[in-house]
């Protein structure tokens, strides 16, 4: 809640504390909840309503008094010649200080500076490095060099995977060695197994034993001889790969050429970069020219500020000053007359409360006690509230629309109440003006055909430099960064691309770009491509790799028994102890070797794909070689388009880096005084005025409710009213401590006299 209150004008917090303390909302709810009791107890409740209504009127009066005070402060802000009070005088002083700060900056810009530009050069070189890295990435994507790199990397990985001593060759050699052992041992295992099944089989399992014995005799044999798996050929090619491993490694030159592109370009243009920097940053002629440019800009700004100062000054033109002061007086008296309306309403309501104020007991009545008259005054006050509420609402809404909008859309950003407000304000203004400018520029073709709407293109060209100035984020630079930074660093975050500085750097910038374009990027790549193709030519022996027959056989079961595991399970199911060593021999030999077929199949498939991978890499290299010229040209054009604005900005900042000693603290103080003159001196009392008037209108609502209720209660407790109701004092003994018999006797006598 306090966060929201801080955004309101200062007098709103005071009124809000009054509202919280007196709990207006609680009174209204109390009235609604006890609606019936209010009419059943008129003598006991009207005093409570009278007190509550008087509190509301007191709050209303406080709000109007605050509005009066702020209206007077607003008048002083418009008319006072004291810069501490008057908004226009303060703004005029701000403009004078701004002009003086600009003059000091011009004088310092003319002086010779010995500023060290090493930091600017480091930043300039970092921009170059980042731009070249971006150029390298764009070139890689545009030329599709990744396709070549991936193809070469895949081929190299597969080739190195089958070097002697590698895991793949070790598994293949183990398979070959185990296969020879199984082929030599399997007949003995088969013979012993069949003999055991023939002689030691139980009678109840004789049929199962006979089937297993026949299956072993017929199918427990290796399907193909070892030479069918071409393992010797695989090992031979592996040894050849080992001998040609330098050729495989030489293919890395392509990736090295791609990854070192930015470094090679930087090395080629480093001399041109150093020469351009020295010519630009250390040339006295360039510094003098830029100082004159800076002076010309500041003179134009000073002329504009003087024009504005002449228009807002209260002392330059006496005739205009008299008319202005007369208008301010009209505003003052008009506001006083407007605020007299709620004062009149409060006076009428207070008169109603005064006439309705009576003693605590029926026999104790004040001198002005006439509740009928009080009810009439209250209803008259309600009528005046309804009569003048429209005027008051219009008088509140119109200032609210102007002051509230200015506060939330401008001053909230410039005064620092919003995080990073000045920068966001600059960006918003720039984007808005840019969209308007482009919209008008786009309508030029239509306006040339229209007789009622015409836009001059020269006028648009004159407005374009304004966008360049706004793009500098001047509000953020002056109001925020200038507090702790010099002028050059304060504006360094803006896009400092000013046409007036272009002449000084265009020649140097164009020289850098031409030097970049003249680089021969094709020759290194073509040499690398030819070297890679020559290496592939020396690896041509890999193209004869063909082990499809071995792949086909290794995909089949090792023996004629398709499922050795099931065969072993059937042997174990016989529960013959004599079969245990033979079963174990089967498990350690054929069964275990058969389980490795899947891994050997994968290795054979990968080994057989080496020729295809090599051919794919060669095709991509040739394709890359054919499109290299187009890729290089397109990439360089895109790189230049990206680097040009960055280089332009950095070169311009480097040029004006000699102004590093120019402070801008005085510029910030002058600008801050100008912002304060509008957002505080002028706007705070203006907003506080309509806020106080708004609270007054808001408090009219409970005032109307209680006034209407009190008017009804007054009439019911007024003896001469048609709505008078005789109170039952016995029922309200707790409220009225009446005297013994005096009052009753007097009442009885009055009744007799009436009869």
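The backbone N, Cα and C atoms fix where each Cβ goes, glycine too.
Just so you know, TrEMBL annotations are computer predictions that nobody has curated.
Check TrEMBL against the ranges 688-712, 713-737 and you find transmembrane segment recorded for 688-712. Given the ranges 330-356, 411-437, 438-464, the record in TrEMBL names 330-356 as transmembrane segment. In TrEMBL, the feature transmembrane segment is placed on 377-402, out of the ranges 273-298, 299-324, 377-402.
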